[in-house]
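Here is the structure we will look at, set down as structure tokens.
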Amino acid sequence: MDITLVLKQMIILFILMIVGYLANKKKIMNTESDKLFSKLIVNITCPALIIYSVVSGEHLKDNKIIIYIFIVAILYYILIPIIAKLLIIIFRIKKNVVTLYESILIYSNIGFMGIPVVSIIFGKNAVLYISIFMSIFNISIFTYGIFLFGKDLNVVKSKKSFINIKNFYNPGITSAVMAIAIYLMNISIPEVILEPIRMVGNITTPLAMLVIGSTLANFSIRNSIKEKWIYIFIIIKLLILPIIVWFVSRFFISDKLLLGILVIVSGMPVASNVVMMSNEYGGDQNFITKGVFFSTLFSVVTIPIIAVLF
């Protein structure tokens, strides 16, 4: 892969983040607009991007590859908690933050940042791959993720449902399933319908980066920058983890695109879903928020670095 191209694309995304940051500081954007735009991205623009990219992309030589991608995605979310636990032991993470550390290592920002980044680096054909990963991500975070936070708080034994089926009816999974179904059935969508989908989907990347930048503007860097755990976390999450994933996976995965996406997914910033889950189940939201903030900030530098691997 051309590292210069990856670096160029990440700089472009970073500039968009800066625009969002400045827009917040100038009171053009605020917390309310961030929430509004986030809903727009999650419910409309990102699903449109998924559907358009998958439907308009080149068809795979063999549809059995989709089953293979599903298997790889499932194995990834089975094995990544084990790798996370091992890293926690190796780096002697304090017991009181083990659950928090594990959650921010496992769950990467696939939808909000992952899809735009992957589509820019690998092209729109890669969106089919990451859509499958996003489906398994949702299943994992609403099962194992809930268990992870709930085990310390006895949430599983409380009146709260351990697995709420409603969590699986979200735009991310729905659009991914729709896109894959249309792809497999080789349904032809009229241009008059496909073009608006494309136009709406193309809003995703710039709008997502603006929102991320605006969100970062609300965060106090001065007080957090002195905390040593942040730097250890950045090294583990954004560099060591993807290198381990690459080293292990390259012996079993011959598809370079799939391997590249797997590594990029593991090196993505922490998913914002983890913040919401931590808040709902009584975890340390401040700790998680710092993880999201700094992983997003430093990923602009680390993603081009791990891109060297492939």
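Keep in mind that glycine also has a Cβ here, set from the backbone N, Cα and C atoms.
Note that TrEMBL annotation is computational and uncurated.
A quick note: this is a predicted structure, and the numbers were derived from the prediction, not measured.
Listed in TrEMBL for this protein:
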type     : residues : note
TRANSMEM : 6-24     : transmembrane segment
TRANSMEM : 36-55    : transmembrane segment
TRANSMEM : 67-91    : transmembrane segment
TRANSMEM : 103-122  : transmembrane segment
TRANSMEM : 128-147  : transmembrane segment
TRANSMEM : 168-187  : transmembrane segment
TRANSMEM : 199-217  : transmembrane segment
TRANSMEM : 229-251  : transmembrane segment
TRANSMEM : 257-275  : transmembrane segment
TRANSMEM : 287-309  : transmembrane segment
Ranked first among 6-24, 67-91, 103-122, 168-187, 229-251 for CB pairs under 8 angstroms with the transmembrane segment (199-217)
6-24
So if I exclude everything within five residues of the ends of the transmembrane segment (168-187), which remaining residues of that chain have a CB under 8 angstroms from its CBs? That is, six or more out.
42-44, 46-48, 50-51, 53-55, 59, 63, 66, 111, 128, 131-132, 134-135, 138-139, 142
Sequence-remote contacts (6 or more beyond its ends) of the transmembrane segment (229-251), Cβ cut-off under 8 Å?
76, 80, 83-84, 87, 91, 97, 101, 104-105, 259, 262-264, 266-267, 269-270, 290-291, 294-295, 298-299, 302-303, 305-306, 309-310
